[in-house]
Each structure stands twice: as structure tokens, then as C-alpha cells.
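Student: According to Swiss-Prot, the protein has these features:
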REGION    427-510  region 'Type E motif'
REGION    542-638  region 'Type DYW motif'
REPEAT    82-112  repeat 'PPR 1'
REPEAT    113-148  repeat 'PPR 2'
REPEAT    150-184  repeat 'PPR 3'
REPEAT    185-215  repeat 'PPR 4'
REPEAT    216-246  repeat 'PPR 5'
REPEAT    250-280  repeat 'PPR 6'
REPEAT    288-318  repeat 'PPR 7'
REPEAT    319-353  repeat 'PPR 8'
REPEAT    356-390  repeat 'PPR 9'
REPEAT    392-422  repeat 'PPR 10'
TRANSIT   1-40  transit peptide
Amino acid sequence: MVVRSIIVSPPTTITYYHPMSIGLLVHPLSPHIPPASSPSASTAGNHHQRIFSLAETCSDMSQLKQLHAFTLRTTYPEEPATLFLYGKILQLSSSFSDVNYAFRVFDSIENHSSFMWNTLIRACAHDVSRKEEAFMLYRKMLERGESSPDKHTFPFVLKACAYIFGFSEGKQVHCQIVKHGFGGDVYVNNGLIHLYGSCGCLDLARKVFDEMPERSLVSWNSMIDALVRFGEYDSALQLFREMQRSFEPDGYTMQSVLSACAGLGSLSLGTWAHAFLLRKCDVDVAMDVLVKNSLIEMYCKCGSLRMAEQVFQGMQKRDLASWNAMILGFATHGRAEEAMNFFDRMVDKRENVRPNSVTFVGLLIACNHRGFVNKGRQYFDMMVRDYCIEPALEHYGCIVDLIARAGYITEAIDMVMSMPMKPDAVIWRSLLDACCKKGASVELSEEIARNIIGTKEDNESSNGNCSGAYVLLSRVYASASRWNDVGIVRKLMSEHGIRKEPGCSSIEINGISHEFFAGDTSHPQTKQIYQQLKVIDDRLRSIGYLPDRSQAPLVDATNDGSKEYSLRLHSERLAIAFGLINLPPQTPIRIFKNLRVCNDCHEVTKLISKVFNTEIIVRDRVRFHHFKDGSCSCLDYW
């Protein structure tokens, strides 16, 4: 064995200097890094071990840089033990979030081990601004061929691909995984499930999941999360039931399960999930802040603000997301005063929680649903003035909708034109909707519609169905009795293969969800439902109800009877009729609808709540409506 003595004092006796050490030696060596006592104090191996031990004590970048300088001055770079030390320095600089320094260290090394590549790829994968660099590093690793990727390489490359929605890049990595023989590795497969799930390729994610020779809890969580993220709520809950045969759920599992219940709008399922959490989960899981926040969101979205507030009040520890969940919950239920009161509590000296952009979205929604224009303007200004939060597109969308729906359409248009970013289809449609509700001139409505109809943005923001603006414009024409123009809109939609998104409403009875589409005749109780609709119509007409035919603009304009019949068969009316047949008298009827409630159905539901003496809760695309005794919680402002 060749032993090299290390002489570190005086500095002039050191025989090797690395170029990167220039600029590092301006820092005096830390007391944590004393020089070797004499040339014969240790062997080279002991010296490397000594430096490695010192590396374990580094607590910040200042100490690490001094250690790096010491390593450069007292070791030979070609020694395997030195390369191992460089890998440790890479790892520490990454853990101290100094990725730029990690790159400098990496670039100063001639031959890189798999560990070095993996360390830098991992650092980039964890840094939001450098996700793409992680994939580029992986490609460079393959091109150089210094070392092969291993099972530690792929999970972080896949994580980076998932973040940038790099489906094609991810497929390439998948091929490399198979080529290098890691197709059966549980950690690699977890990364593939996360990748495909993030890109919306649920079939591929499920294929990887089903073919795994072994699964971890992360495997189940990743698959359940992917299903929930893309609206496959029933499948997610079914997979959760299967998971319980092999694993105990953790906090991540329960967050996904509660999100699935919220997505279904099922209060009974949400209550079951809450009971499961308390009965079968570890105490730490049940008390976890993130899980509690998911509980609050679930109860808010399932229509029970009382339970949401009960969970909130029972929390021993709250974070900003806890407050935001309650503010958004009150906002979507039209309880603006409570939302604003919660905000005041949140920012007072006792709680001293600093709001973020999500907080102000909730406040603006609250003001929007109650028509509090001045308060909305105050919060919009406060966000910038007091908290230095730059308004995003979502904030502008809220304030524009608030101002326009209050009747200040010209002011809303001026704000849209002065926005620092391009308005999206949602903003233009909110202006068009305000024109429809406020009886603005047809000419102004047409001018607004030209900014959106037929554009790519309208198509994308309508979930692939670009009917939104067409339907709104047709309602403007219908309200003005311009039926020829309504016909032109219908013809344009037909020529472009555009159809109105079908309304769909669901109601849950005895744990079973029943789904209805507009004009549906597929339910086993269709005959009784249609008979009940006739009873409802007769009783409402007896107290003066007249259908608002302008709410069915796309139905044959020459046949008023067809329009009235079409309105009677809207999906929420079928669901309400079904509820009246199958629920005990005076039991609240809970409806979950995919579209915004139309004016006529809103009026009808108010009357049903009075005539049949029942509470009806409708969650539509925008908000909750609580109908009782002939009135609605929205105060007819939605």
C-alpha cells in the first residue's frame, strides 16, 4: 500500500491545488477543520475518513465551503476515496439548497459516479425552477456513458417529467427502465404511476400498478391520488377498500379519500370516511393538520358548514390552509359576512396568520356571491397595498365578475382591457353572462362574444366543449326576442359540430347515488318521476308560476310548448322529483349539478321548497344554493 503523507502547515508545502480552490481559500479554515498534526499523523485512508466525519458536522454552506477547500488542498482528485468525498459535498450542498454550488462541484470533477449524477438529478427534481434540468442531466448521463443509471436515478427523473407534464419524455424514460432491468422495482414503478397519473394517462398508470410484483403504501396512494385528481372518485374509493387488505392508510391516503368524497358531493360517504379516520387510523394521522384541512374542505363541498366549522374549532393546531378552507367554504355557500369575519380573526394580533393569494380569492368570491362591490374593491386593493400580493388571473376574474354582475359592465370591460395579462375565456364569458342577466344591449354582448366564440381558449376552458359562449349569446338573443339570431347561433353550432354540454344532476339516497341527465328516461323509476313532475308543474302553476322560455334558447324557437317541456325535464328537476318520491317528508334533498342552475330552475326550486315544505340544497358548478320556505340563500344573486 502506498501511503501519502498529508502536510497542511505551512500551506506552501502542499503540492496539489485544484482550480476550483481559488476563491474558496479566502475563508479561514473553521475551528471544526484543524490541520493534520504532522506528516505521519495518519494514512491517506484515515485522512479521508477524517474529512468525511467533519462533513457530517457541517451545518451550513459556509462550513461546507471551508471543508471543500480543505479537501481540494489536501487530497488527490483521482483517488476513489476523494471522489467519494466529492459526492458527499455534492449531497450536502444540495441539501443546503445551493444547487448552483453543487453544479460547480460537479463540473470540476472529471469522472462522475452514478451517485454524483443521482445527487444532482435529485437536487434539480426537488427544485421547482430546475425540473427540466433534471431531465437534461439524465440525458447527459446517458450520452457520456461514464456510469449507468440505477434504481435511484429513475424515480427522480420521473418526478421531474411528471412536474413538467412530460409524457413523451416519461415514455422514453420508461423504455430505459425496461432496458436496464428495473421494471420490477417498487420505487421505480411508484414513479411511473405518479408520472402517468400526473399526465392524465390513468390506463397506463393502472397497467403499471396492476403488473407490479410487489406494492408499497406509496403505490396505493399514488394510484388513488391519480384517480381522484382526474375525477374517477368511485374508482378511487373502490381501490381504497382493496388497499385495506394489505396496508393501513396514512395521512396521504385519507386526504385522497376525503377529496373523493368531496368530489362526489356525498355527505354520507364523507361522514363514513371521517368515522373511519377516527376509528381505524393512527392517532397521529387523525390529528394531522393536512388531514383536518381535507376534512374541512370535504364538509364544505358536501354542504355541511356546521361540521366543517366543528372540525376547525376542534383543531389543536391550524395553518393558513385551515383558515383558507373555511373562508372558501363560507364564500361558496354565500355566507360572505362569516367569510370576512374569519379573515378578520385570522389576521388579528392573537392569531397573526398572514394571508396569501388563495385567501383573497376566497374573499373576492364571497363578495361576488353577495354583490358586495365596495368590499370586493377594498380587498383587491388591500391585497396589493398591505400584503404585496400581485393579482393573478383568478383574482381579476373574480373582481371583473363581481363588478359586471352588479351592473357596472363598462367599468368591468375597462378593467379587463387594463389587465397586465391576457384575459382568458372564463373572464369573457363572465362578462357575457352579466350582459345576459342585466339586459345589456345586444350590440355590446355581440362585441364581447367576438372575443371568445370559436377561439381555442373557449374550447379549452370548456373542457373540450366550446358551447359556453354560444349558449350565453343565444340567451341574450332570446331575452331580446331575436329568435332569428337564436336560429343562426344554433346553425353555427351545428356546422362546427358543437353541442351544449348536457346537464347532469345526482342525488344520494341510502348510500346509493342516482344520476340524471336532462330528459333522462333510463332510470327504473322513470314513470313515477315523470308523474311527479306533472304533479309539481300543476301545483306551481296553480300559484302563478309561468316558465321562462328564454332559458331554453336552443330548443325549437317556433314551439313554446317544446321549450316549456324541455325546461321541465332539466336534470335537477328530475333529481328533485326522485327525492320527493323516495325520501321521507321534510327530509332535506341534496342535489349535485355539473352546470350552473338556470333562472327558471332556480325559481321553480324556490317554489317547490315552499309548496312541498322541504329544504333543497343544490351544489352547482359555481356555488351552493340552500332553498327553504320559498327563498334561496343566494338572495337571487348568482
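Cβ coordinates are placed from backbone N, Cα and C, and glycine is handled just like the others.
Set these features in their place in the structure for me.
Tutor: Under DSSP, the residues of the region 'Type E motif' (427-510) split into helix, strand and coil as follows: 51 helix, 6 strand, 27 coil.
The average pLDDT computed over the region 'Type DYW motif' (542-638) stands at 87.
Beyond the repeat 'PPR 1' (82-112), the same-chain residues lying 6 or more positions past its ends with a Cβ under 8 Å from any Cβ of the stretch are 18-20, 48, 51-52, 55, 58, 60-61, 64-65, 67-68, 71, 75-76, 119-120, 122-124, 126-127, 130, 144, 146-147.
Proximity of distant same-chain residues to the repeat 'PPR 2' (113-148), defined by a Cβ-Cβ separation under 8 Å and at least 6 residues beyond the stretch ends, is recorded for 83, 86-87, 90-91, 94, 97, 99, 102-103, 106, 156-157, 159-161, 163-164, 166, 169, 173, 176, 180.
Note on the repeat 'PPR 3' (150-184): residues 114, 117-118, 121-122, 124-125, 128, 131-132, 134-135, 138, 141-142, 190-192, 194-199, 201, 212-213 of its chain, located 6 or more positions outside it, place their CB under 8 angstroms from a CB of the stretch.
Each residue of the repeat 'PPR 4' (185-215) gets a DSSP state, and the totals for helix, strand and coil are 23 helix, 0 strand, 8 coil.
For the repeat 'PPR 5' (216-246), residue counts in helix, strand and coil come to 24 helix, 0 strand, 7 coil, using DSSP.
Using DSSP to sort the residues of the repeat 'PPR 7' (288-318) gives these counts of helix, strand and coil: 22 helix, 0 strand, 9 coil.
Here the repeat 'PPR 8' (319-353) has Cβ contacts under 8 Å with residues 289-290, 292-293, 296-297, 299-301, 303, 305, 308-309, 312, 359, 361-363, 365-367, 369-370, 372, 375, 623-626, 633-635, 638 of the same chain, all six or more residues outside its ends.
Secondary structure counts, DSSP: the repeat 'PPR 9' (356-390) has 27 helix, 0 strand, 8 coil.
Only residues 6 or more beyond the boundaries of the repeat 'PPR 10' (392-422), in the same chain, are considered here, and those with a CB under 8 A from a CB of the stretch are 357, 360-361, 364-365, 367-368, 371-373, 376-377, 380, 383, 428, 430-431, 433-435, 437-438, 440, 444, 448, 637.
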Student: For the repeat 'PPR 8' (319-353), jot down how many residues DSSP puts in helix, in strand and in coil.
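Tutor: Its residues fall into 25 helix, 0 strand, 10 coil.
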Student: Are there residues at least 6 beyond the ends of the repeat 'PPR 7' (288-318) whose Cβ is under 8 Å from a Cβ of it, and what are they?
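Tutor: Long-range Cβ neighbours of the repeat 'PPR 7' (288-318): 251, 254-255, 258-259, 261-263, 265-267, 270-271, 273-274, 277, 325-326, 328-330, 332-333, 335, 353, 590, 617, 619, 624.
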